[in-house]
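*Asks:* Attaching a single structure in C-alpha cells format; questions to follow.
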Amino acid sequence: MNVAINGFGRIGRLVLRASAKNPLINIVAINDPFVSTTYMEYMLEYDTVHGKFDGSLSHDETHIFVNGKPIRVFNEMNPENIKWGEEQVQYVVESTGAFTTLEKASTHLKNGVEKVVISAPSSDAPMFVMGVNHELYEKNMHVVSNASCTTNCLAPLAKVVNDKFGIKEGLMTTVHAVTATQKTVDGPSKKDWRGGRGACFNIIPSSTGAAKAVGKVIPSLNGKLTGMSFRVPTADVSVVDLTARLVNPASYDEIKAAIKSASENEMKGILGYTEKAVVSSDFIGDSHSSIFDAEAGIALTDDFVKLVSWYDNEWGYSSRVLDLIEHMVKNE
C-alpha cells in the first residue's frame with residue numbers, strides 16, 4: 001500500500017520510523033513546506049526521545065532514501081497542490097494538525113488519493129480507535145480520524161471495564177508529557193494563558209476532549225465521561241487516571257483479572273498489563289495504546305475505583321495510525 005505523509009512533525013516522523021519495520025506499508029512521499037531534504041534526513045536520523053534511526057539514510061534534492069528506498073519530498077503549503085499522483089499515493093496520513101475536518105482533509109482526494117487518515121481528533125470525520133470500534137469502518141469512508149493519543153489510551157480501558165462491569169460515570173485526568181504546541185519559556189498564548197507558561201518549569205492544568213471523545217467511539221458511554229489534563233515537564237510517555245463509578249460492584253482483583261484477560265486475548269497488542277514497579281520512562285517505545293498499571297490503581301468501595309494506564313503518546317499512537325491503515329486496506 002502506497003502511503004504519503006503530510007506534515008513531518010513528531011507524529012509524521014514516527015509514523016515513518018514505524019513503517020520502516022512494517023512490510024505492508026510503503027511510504028512513497030512526504031510533504032512539508034518548511035523542511036528541506038537535507039534537514040529531513042537529519043530530523044529522521046536523530047531523536048532526543050527515541051534515539052538514532054536504526055537504518056541507512058541519505059538524500060538528494062527531491063528525495064530522502066530510507067534503507068535505500070526513495071521517498072519523494074514535496075514542499076507545498078496547500079494540499080491541493082501536492083502532486084501525490086506522481087508517486088501513485090493511495091493513502092495520506094494527514095499529520096500537520098491543520099487539516100482536521102472532512103472538508104479540509106478531503107483536499108488530498110483531488111490528487112488521486114483514495115483515503116486520508118487524520119492523526120488527530122476531528123469534529124466531523126468518522127473517528128476510530130483500534131481495538132474499540134475499528135470494525136465499524138466502512139469502505140465508503142474516504143476520510144477518517146485516528147482520534148487522539150489520550151483517547152487511544154482511555155478507550156480500550158474504558159471498553160473492557162464497561163463491557164464487564166458497566167461504567168455509571170467517570171472522570172479522567174491525563175498527566176501528559178510536553179508537546180510541540182507548548183512554550184519552552186513563558187510566551188504569549190491568547191486563548192490559553194496557562195498554556196503560554198514555560199513547559200520545562202511547570203505543571204500546567206489544561207483542557208482535553210479525550211474523555212468526551214470516548215463517547216463517540218463507545219456510544220453507551222456518551223455523556224458519562226469527561227476529563228482534564230496536567231502538562232508536565234517530561235519529554236514523552238503520559239498516564240491516564242480514570243476514576244469511575246461502576247454499575248455492577250466488583251472487587252479490584254476482579255477488575256484486574258478482566259483487564260489482564262483482555263490484554264492477552266481480544267485486545268492483545270492494543271491493551272497491555274503490568275504488575276511491576278514501573279515509572280514513565282519504562283514505556284518509551286512501547287507500541288501499546290494503553291498499558292494498565294495494576295499496582296497503581298486503588299478502590300474505595302466495590303463500585304468506586306481509580307484505574308491507571310500508561311501510554312507512549314508518540315510511538316504507541318503512531319503505531320495505531322499504521323494499524324488503522326492496514327485495517328482499512330483489508331476491508332476494501
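The backbone N, Cα and C atoms fix where each Cβ goes, and this holds for glycine too.
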*Asks:* Same NAD(+) site as R10, I11, M77, N313 according to Swiss-Prot: which of D32, D54, D282, D293?
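*Replies:* Among the candidates, Swiss-Prot records only D32 at this NAD(+) site.
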*Asks:* Quick check: of R194, R197, R231, which does Swiss-Prot put in the same D-glyceraldehyde 3-phosphate site as S148, C149, T150, T179, T208, G209?
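*Replies:* Only hit among R194, R197, R231 in Swiss-Prot's D-glyceraldehyde 3-phosphate site, alongside S148, C149, T150, T179, T208, G209: R231.
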*Asks:* For C149 (D-glyceraldehyde 3-phosphate binding site), name the DSSP secondary structure in the helix/strand/coil scheme.
*Replies:* helix
*Asks:* Can you give me the same-chain residues 6 or more apart in sequence from C149 (D-glyceraldehyde 3-phosphate binding site) with a CB-CB distance under 8 Å?
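*Replies:* Listed in sequence order, they are S238, Y311, N313, E314, G316, Y317.
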*Asks:* Enter the number of other CB atoms within 10 angstroms of the CB of T179 (D-glyceraldehyde 3-phosphate binding site).
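*Replies:* Around the Cβ of T179 (D-glyceraldehyde 3-phosphate binding site), 15 other Cβ atoms lie within 10 Å.
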*Asks:* Helix, strand or coil: which one is H176 (site 'Activates thiol group during catalysis') in, per DSSP?
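*Replies:* In three-state terms, H176 (site 'Activates thiol group during catalysis') counts as strand.
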*Asks:* Given the binding-site residues R10, D32, M77, which one's Cα is the least distant from that of T179 (D-glyceraldehyde 3-phosphate binding site)?
*Replies:* R10
